[in-house]
Amino acid sequence: MAPKSKEKPKAAAAPSQPPPPIEDLFTSLNRHIQRSEFTQAVKVANQVLSVAPGDEDAIRCKVVALMKADKIEDALSAIQSAQKVSFDFSFYKAYCLYRQNKLDEALKLLEKQDKTQPRMLLESQILYRLGKMDACVDICRNLQKAKIDSLEINLVAGLVSAGKASEVQGTLDTIKIKATSSFELAYNIACSLIEGNKLKDAEQLLLTARRIGQETLTEENLADEDIENELAPIAVQLAYVHQLLGQTQEAVGAYTDIINRNMADEPSLAAAVNNLIAVKGPKDISDSLRKLDRLKEKDSQKFELAHAIDLKLSPKQKETLYSNRVLLLLHANKMDQARELVSVLPEMFPDSVMPVLLQAAVLVRENKAGKAEEMLGQFAEAFPEKSKIILLARAQVAAAAGHPQIAAESLAKVPDIQHMPATVATLVTLKERAGDIMDNQLSVIMREAASFKLRHGKEEEAAHLYEELVKGHGDIEALVGLITTVARVNVEKAEAYEKQLKPLPGLKGVDVDALEKTSGAKPVDGASRGGIADAQEDGKIKEKPKKKRKRKPRYPKGFDPANPGPPPDPERWLPKRERSSYRPKRKDKRAAQVRGSQGAVVRDKSESSASATNSSTSNPKSNQATSSKGASQNAEPSRPQSKSSRKKSRK
């Protein structure tokens, strides 16, 4: 037998080294945190806790380092293990729940906390994620006096998401901050410009934001890939602006490039996929479905957004993605998948009407329009504040399914669109299709529509409406309108309709043909009064006598009726020869006496007049001046004669 080998003696265990002093550990912990080396900071914090279990500072440093390292579950475990510590970790726990998208639980924890600045900031972030934009904006406004860095970025984002993009510029003027102070602020303001349809301005500001972002992130020594991920939202928004401007090819190219790069920024990737699907529409549905599949959980058989994407998207963005998925499935005729996805949407988005509309769309595609109408009607009755779009959808479904009465009833229940011309025209058409032509409201609508068309020169369309009213209602007012309208186009037809008019009382014995041949009626006091009295008796019409309005006498300017002075001459308008004060001039008897030298011959009257005529024709210059003066005065009786005309008359 071979001899047994002797066992080697075991080496003595090396003595354990004593841990470094706790002061050195905290110095090392602080150094790692300052360098953002959070994994190393966690290890050092554990060393501190091994020496001093329950140290509050070490636990706090460990929890914060774990949160900074995106190890949220480990941070919650560390908080749970520190139950015996007197320090309140509720705020840290609320932040961890916020990171896990457990928003309602996080908000409940914050309600018990004092309203400190960190607590209010976290609450505003939670409210923003919940879609409660008004409350988020209110908190940000309350924090403005605190002068918190980058608060204006959150404030502008909240205003845009709350539909208050018009208030952005006023807010910036109040806090006195330029739009280009940071690339994040410039991006958010560009979003407000898009909401205001100022697309060109938004495009320029987005380009500026991209330039500022590249400069800022390069100075921070970020890698090119990280810079590209940080600026991905700007790239998607630029593509969206090009899409709105009608530059479809550029937008499609930008979206495709972002998707192919497979950027780490999940919200930008999801937005690019959704917008590309919207641009393409029902074209290439299978490719669109494959692109949407890139956003779901890899191990899930159903369509469910990946956890990282679900955490960073707003409820409205997630709802849009799921809705587009359903529409693509309907276009692809994949009814089972569409029905399955639609069934879970009401629970995911309880405050939205979109799940109900999508359920109705699935039912219509399955040829169950009646069931869709019933479902939409029940929802409108249960939620009247959300009923407008539901009733409009119900009207559209009913009209397409050949149920005009249900469509008309649905439209009539939407009060704020009843005055619109499109609504009136649609209601008229639906009532006609339903055979409800005896409706009093319909007759009023048709009469007003005919009058409107007649005013705009559409006689044939107006005549058609009047004719429908006459046939269906026997409306006398419509018959008069029909005769007046048809007379412009077809006199014979107008005369045929005229026979349906009843004769007016008091005009039975009037011969119209003889009346037209007369030169006109002569006023006869007795006859006219008698005729009017007869007409009043036949028609039983009593008219009140018109009262003559007394007018105050108008006096000349400066006249005082209290002191009128002497009365005016009653004969002032008579010619001078007809006035009582007129005295003719006496003839000079001495004119016939002979004067001058002896042998002079006395001329008679006719000779003197002839000589006067000859003398007047011999001086044309004087005659011309006199006639010109008279023409001037006759032409402008109310204007004074100018200096030039007076000089001319003197010549």
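Glycine is treated like the rest: Cβ placed from N, Cα and C.
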Segment assigned the feature region 'Disordered' in TrEMBL (from 1-22, 111-132, 287-308): 1-22
Helix, strand and coil totals (DSSP H, G, I; E, B; other) for the compositional bias 'Basic and acidic residues' (569-581): 3 helix, 0 strand, 10 coil
Mean predicted confidence [pLDDT] for the domain 'Signal recognition particle SRP72 subunit RNA-binding' (536-584): 72
